[in-house]
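**Student:** Please see the structure below; I have some questions.
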Amino acid sequence: MSDPKKLFIRTYGCQMNVYDSERMAEALGADGYVATDTPDDADMILLNTCHIREKAAEKVYSELGRFKGLKADNPDLKIGVAGCVAQAEGEEIMRRQPLVDLVVGPQTYHRLPQMMEQVAKGEKALDTDFPEEDKFEHLPVRHGAKKAARNPSAFLTVQEGCDKFCAFCVVPYTRGAEVSRPVDRILNEARDLVERGVREITLLGQNVNAYHGAGEGGDWSLARLIWALDKIDGLERIRFTTSHPNDMSDDLIEAHGTCAKLMPYLHLPVQSGSDKILKRMNRSHTADSYLRLIERIREARPDILLSGDFIVGFPEEDDQDFEDTMALIREVKYGQAYSFKYSTRPGTPAAERALVDDAVATDRLHRLQALITEQQRAIQQRMVGKEVGVLFEKAGRLEGQMVGKSDHLHAVHVHAPDGQVGDLRRVRIVDSAPNSLAGELVG
Ligand code: SAH
Ligand code: SF4
Ligand code: F3S
């Protein structure tokens, strides 16, 4: 028998791409491919790409250029581009980089095996449809294969796409309209993950809290889904990301106070603290409505750690708009945040507008990031002396050390010589380093 063909996947962008890469590896696994962790010996290279900012998208082309030598050495090597750049640029990718054999969008990768047949015949394959059928229902899975053990923490996509059309954002175009997966399929997938050793599930969606999947008695909210997951024995922790402020419903806020498995961490992007800019971004919330929402969430779960996303230098952002964003950050006190300089995305409404001077935007980004870092450190410092749960994900660098995530999603290093990956242990935090905490086992 010949050696199995080797597949190398490189993943860019958000957690949903991480999830999709796993699904694509499974689909190609059914086709006889096994994963390899280097492109050098691969028979198939797949880049799962991100289109959110110009830099992310351009990186794909420089990466593809680097595979030229590999393709020269091995003419049978196949190269594919998947994900949001594939969706946004389609055929253009093959024009710009002729060594690409296959382009597949985020909604059609269940068709990869058929596309690979085409590619094997020496043809180019391209599919960036938004099909009627649900890809998750049509994904080939490897029959008879032993179910692989999993990292104790797993992602599970429950909702995809976005109908919000923020003026700067490509997601509604690359991922398509908002769709929720049915409840029973999600619960089955969750049970399967738990059987394979998963103890923490992060529910994914571009607007995960807009979830409204079909379940018993009609459409279910995200909170109702969380309560159903809460009943799965062996599943210890539930998280979800990313949420939109406008979809933070009462039952979800309440669940943060009453569902013990729902972890005290919430990623709730606001983007800006200026009402003028929020309006121009088409965010349909104000700084004040966001702050009031945060207040209600903290009433339900006082120790919740809040995280956010910010864009600085959005077209027409002036000094006062930026100061409004800084004021909002000072009021909320974030435990963590992602911040970006505005990047023009072709085809989005904001692409037509006057840009902020780049040096000004860079300066604002640095100031904002310094403030977030200060808040993050202060919150970490306040964890010292507290007892938290830590789910061990891997061995640490030091002898007898395990590394895992706390309830609040802090990385924690713990001296635990008897520790195993997948253990959920009580840990007292004893120290805070810039990007992690140190703890010791309790009892
Ligand atoms: N669905 C999520 C996030 C989607 S993209 C939400 O609604 O919040 C992740 C983050 O990338 C966004 O929150 C935003 O902060 C940033 N982003 C999106 N488009 C951008 C652009 N054109 N320039 C800079 N940052 C952008
Ligand atoms: Fe993009 Fe806005 Fe949709 Fe988030 S809510 S994915 S930022 S359009
Ligand atoms: Fe990027 Fe697409 Fe995710 S643009 S952030 S990979 S939805």
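Positions of Cβ are set from backbone N, Cα and C atoms, glycine also.
TrEMBL labels come from automatic prediction, so no person has curated them.
What TrEMBL shows for this protein is this:
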| type | residues | note |
| --- | --- | --- |
| DOMAIN | 5-121 | domain 'MTTase N-terminal' |
| BINDING | C14, C50, C84 | [4Fe-4S] cluster 1 binding site |
| DOMAIN | 148-382 | domain 'Radical SAM core' |
| BINDING | C162, C166, C169 | [4Fe-4S] cluster 2 binding site |
| DOMAIN | 381-443 | domain 'TRAM' |
**Student:** In angstrom units, rounded to an integer, how far apart are the Cα atoms of C169 ([4Fe-4S] cluster 2 binding site) and C50 ([4Fe-4S] cluster 1 binding site)?
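**Tutor:** Cα-Cα distance, C169 ([4Fe-4S] cluster 2 binding site) to C50 ([4Fe-4S] cluster 1 binding site): 12 Å.
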**Student:** Identify which of the following binding-site residues, namely C14, C162, C166, place a Cβ less than 6 Å away from any atom of ligand 3, and list them by sequence position.
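**Tutor:** The ones that qualify, in sequence order, are C14.
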**Student:** List those of the binding-site residues C50, C84, C169 whose Cβ lies under 6 Å from any atom of ligand 1, in sequence order, or write none if there are none.
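**Tutor:** Checked binding-site residues vs ligand 1; flagged C169.
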**Student:** Which binding-site residues among C50, C84, C162, C166, C169 have CB under 6 Å of ligand 2?
**Tutor:** C162, C166, C169
**Student:** Neighbours of the [4Fe-4S] cluster 2 site C162, C166, C169: Cβ within 8 Å of the Cβ centroid, same chain, sequence order.
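**Tutor:** Sorted by sequence, the hits are K164, F165, F168, V170, V171, P172, Q206.
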**Student:** What's the CA-CA gap between C50 ([4Fe-4S] cluster 1 binding site) and C162 ([4Fe-4S] cluster 2 binding site) in angstrom, rounded?
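**Tutor:** Rounded to a whole number, the Cα-Cα distance is 16 Å.
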**Student:** Just give the helix, strand and coil counts over the domain 'MTTase N-terminal' (5-121), going by DSSP.
**Tutor:** 61 helix, 24 strand, 32 coil
